[in-house]
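Per TrEMBL, these features apply:
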| type | residues | note |
| --- | --- | --- |
| BINDING | R23, Q24, A25, G26, R27, D73, Y148, S203, H319 | substrate binding site |
| SITE | D73 | site 'Transition state stabilizer' |
| DOMAIN | 136-152 | domain 'Uroporphyrinogen decarboxylase (URO-D)' |
Amino acid sequence: MTKRLQRVLAGEAVWPPPTWLMRQAGRYLPEYRAVRAHAGDFISLCTTPELATEVTLQPVRRYGMDAAILFSDILVLPWALGQGLAFREGEGPVLPPIRDAAGVAALDPARLPGAIAPILETVRRVRAEVGEATLIGFAGSPFTVACYMIEGGGSKDFAHVRGMAYRDPALFARLLDLLTEATVVYLAAQIEAGAEVVMLFDSWAGVLSPTLFRAHVTAPTRRIVAALKALHPDIQVIGFPRLAGMLVGEYAAETGVQGVGIDTSADLSLVRGLVPDGIALQGNLDPMALVAGGAALESETRAILAAARGRPHVFNLGHGIVPQTPPEHVAALLHMIRAA
Ligand code: CP3
């Protein structure tokens, strides 16, 4: 019996659509905040299998989500390569920025296996308990991970990143190549530990020009998917090129993914015409509609269900759930989808 989400990624229009939410384990849940309070820092939570397993499973238990996404972070990869990383309250992630060849040369892929070992243990534990839900492993895409590594954290325009891509394309390519190879190792290890689907988060894909998008989003994604499929032919991959706009169609067609995450800004009824038929669409409720609840949540949800009906579709948000989301709005959303 194939699980519902995996049927959709195989090209079947399952109705009502299987549902999970990006960042479904997180601060909006009181049971998450309780674990977080005695876990120490965020990286410790990600690398303590007992706690990471517990928080991964919390939203599946509470809501019966169709997927459990490994509790970890896309910035675990630079951390595992030896770049410093801290999560500061109210400030987000902070890393010592990489701006030159010496910074790239200091990254050490030999550290990776040891550093990710506890995360793989979490994958094994979750898989043993996940039941009918699908276990999704994940990584950031090389480009989005490079964004944080080069800026040293978040940014409103990623000026250093785009500057390096234009001014020193050889150095930028070296960093992306290193990240592409490390991502293959990391995701292959998650698959071997029990991840049934893997997702690549490319949150900042939309800041790039079309030329740079093709070079630094589409091409590395294609390489990662091909390498994973060479090792594990049946693995299903979801790519999320956030704010890709009109380029979402060629991204879907050229990278080899089975599903494509659609961000809040895209109209699913138009995206249907761009993305090849057999490729699943995942998305794309506005996280703020989930905060609002009530009639706004209902009409936005119905519009998405109607726009994707007949296509392989995984219901999700268009970006991550935010901490101020009332947990009962998530329950209301799932009730609405299941009654559709
Ligand atoms: O439930 C899940 O979705 C699984 C876990 C997960 C986290 N981060 C946990 C997390 C996943 C899949 C991510 C992905 C991630 N992390 C992305 C891509 C998706 C996106 O949102 O665009 C990005 C860009 C990051 C980097 C990151 N991690 C930032 C910018 C922040 C700080 C902002 C914030 O929300 O606090 C984090 C921290 C983080 N990652 C938290 C969680 C639950 C909050 C940390 C806490 O509990 O204090």
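Placement of Cβ uses the backbone N, Cα and C atoms for every residue, glycine included.
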What's the CA-CA gap between R23 (substrate binding site) and D73 (site 'Transition state stabilizer') in angstrom, rounded? 10
The correct three-state DSSP answer for Y148 (substrate binding site) is helix
Which residue, out of the recorded positions R23, D73, Y148, H319, shows the minimum number of other Cβ atoms inside 10 Å of its Cβ in this structure? R23
Once near-sequence residues are set aside, which residues in the chain of A25 (substrate binding site), 6 or more away, have Cβ atoms under 8 Å from its Cβ? Y32, V55, T56, Q58, P59, I69, F71
Nonlocal residues around R27 (substrate binding site), in sequence order (Cβ under 8 Å, 6 or more apart): R33, R36, P323
Find the average pLDDT over the domain 'Uroporphyrinogen decarboxylase (URO-D)' (136-152) in the predicted model and report it. 98
How far is it from H319 (substrate binding site) to D73 (site 'Transition state stabilizer'), counting Cα to Cα, in Å? 15
DSSP-derived structure type at H319 (substrate binding site), helix or strand or else coil: coil
Measure from the CA atom of Y148 (substrate binding site) to the CA atom of D73 (site 'Transition state stabilizer') and give the result in Å, rounded to a whole number. 12
